[in-house]
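According to TrEMBL, the protein carries these features:
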{"type": "BINDING", "residues": "Ser57, Glu128, His156", "note": "Mg(2+) binding site"}
{"type": "BINDING", "residues": "Arg291, Asp305", "note": "ATP binding site"}
Amino acid sequence: MQLEAMELYLARSGLQVEDLDRLNIIHITGTKGKGSTCAFTERILRNYGLKTGFFSSPHLVQVRERIRINGQPISPELFTKHFWHLYHRLEETKDSNSCVSMPTYFRFLTLMAFHIFLQEKVDLAVVEVGIGGAYDCTNIVRKPVACGVSSLGIDHTNLLGDTMEKIAWQKGGIFKRGVPAFTVLQPDGPLAVLRERAEQTSCPLYLCPPLEALEEGGPPLTLGLEGDHQRSNAALALQLAHCWLQQKDRQGVGEVKASRPSLVWQLPLAPVFQPTPHMRHGLRDTEWLGRTQVLRRGPLTWYLDGAHTSSSVQACVRWFRQALNRHKEPRSGTEVRVLLFNATGDRDAAALLKLLQPCQFDYAVFCPNLIEVSSMDNADQQNFTVTLDQVLLRCLEHQQHWNRLDEEQACPEPGGPVSLLLAPRPAHSHSTSSLVFSCISQALQWISQGRDPVFHPRSPPRSLFAHPVAGSGANVLREAAAIHVLVTGSLHLVGGVLKLLEPSLSQ
């Protein structure tokens, strides 16, 4: 019924599904890395001089970020124009007898994106699936030019199912008859499901070779996004871009020539080719805020990554620790590591926090995804479905989880099993101290202690440092030679932090 409803909304907005056939759409789904894959793909194709559209979610600071033309969020004027045109059109055509007469937030923005891409006459649009695939409102697209599946994992289990196979079934729902599809290497079970979905729809599905295969015989590829896990996203993006460029040259959909049969679930291996200079520069110049992003500000270094699943948090931990080692500079004085964390929805915060333990943080800070306690001027970043009490109680639960894990690390059970990934950290003079703040601004004020040259908040409330841990920690942070802050657990948290640390994103 979801897609039927979307067709009705599309018709009421003045478009038919056939109108979307005029758009050249690359449709990308996955659990981890689909947004980064979209960003790589769009940047590569823009390097060829093509006019690109890009629809993604969620946004970090302003809702306009979800709809981009040539890599830039649409202007406030264009957003306002299309918002009110679409809103009034839907208002005028709604049925008073219907219980759902207006589309929900994400559907509305999806409709807006299609209208804008058609009006702007983009050469190609990269569309990121919201949640799932089969019943996602973006799946109203009937004739994409290529489809991609990034790394799969467990997330949104209340909507997609509680196993990797069920989730793979949902993701494979974007496959279309005769349209080339590409996937990165997946665990055996989900990969078998994707293959079955492709066979059911007569969709040619190819397995992406690793990036190393495309680097053979040429210089190493440089990626604009940090982290080893971005290499599989870049490999998928190269295949998607290469596939469409070949179709464009042939003036229509054609068969992808597999490089050789794959031994993995009998999937053919996608072509191995030498990336062109346009492709190389596109990968190098890709920007995707809030994903393995580093901001260096005097003694403070902020590491921002919106990881929110077990696999993505594991990748985040690897990236953070590698970044610390790579940029280690001889300093006189102490170095302090701070975690700023929040998790929302049905995610297992305790499991995510356990994965973060090996980073050896000195302070763990928890706060809701609220910029200020009163966020009247931050409508794009407000969640109207929860109350302040609810989100603060969840933060207190996160703190309790962390404290319990910290105690377990300090006093491991004798003879208990030892995980290589979660090995107890070396003994040091103190355990992690933890704090809960009522909003992002107060958390950043405490962490930065006025030492970030860009972040200039209003005077903090007198009670901000009243807690003994906050007071003693403030002295440590003020005297530290270097402060490394990892912000993770939620893209919305990362967006709130970016709004305060990078004021230009709000302009």
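Here the Cβ of each residue, glycine as well, is placed from N, Cα and C on the backbone.
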Of the binding-site residues Ser57, Glu128, His156, which one sits closest to Asp305 (ATP binding site) when you measure Cα to Cα?
Ser57
Inside 8 A of the center formed by the CB atoms of Ser57, Glu128, His156, which other residues of the chain have their CB, for the recorded Mg(2+) site?
Lys34, Gly35, Ser56, Pro58, Val129, Gly130, Ile131, Asp136
Could you give the Cα-Cα distance between His156 (Mg(2+) binding site) and Arg291 (ATP binding site), in whole Å?
20
Site with most surrounding Cβ atoms, counting all protein chains shown within 10 Å, from the binding-site residues His156, Arg291:
Arg291
Across all chains shown, how many C-beta atoms besides its own are within 10 angstroms of the C-beta of Glu128 (Mg(2+) binding site)?
24
If you skip the near sequence neighbours and keep only those at least six away, which residues in the chain come within under 8 angstroms of Ser57 (Mg(2+) binding site), Cβ to Cβ?
Arg66, Phe106, Leu109, Glu128, Gly130
When you measure from the Cβ of Asp305 (ATP binding site), how many other Cβ atoms are you left with inside 10 Å?
25
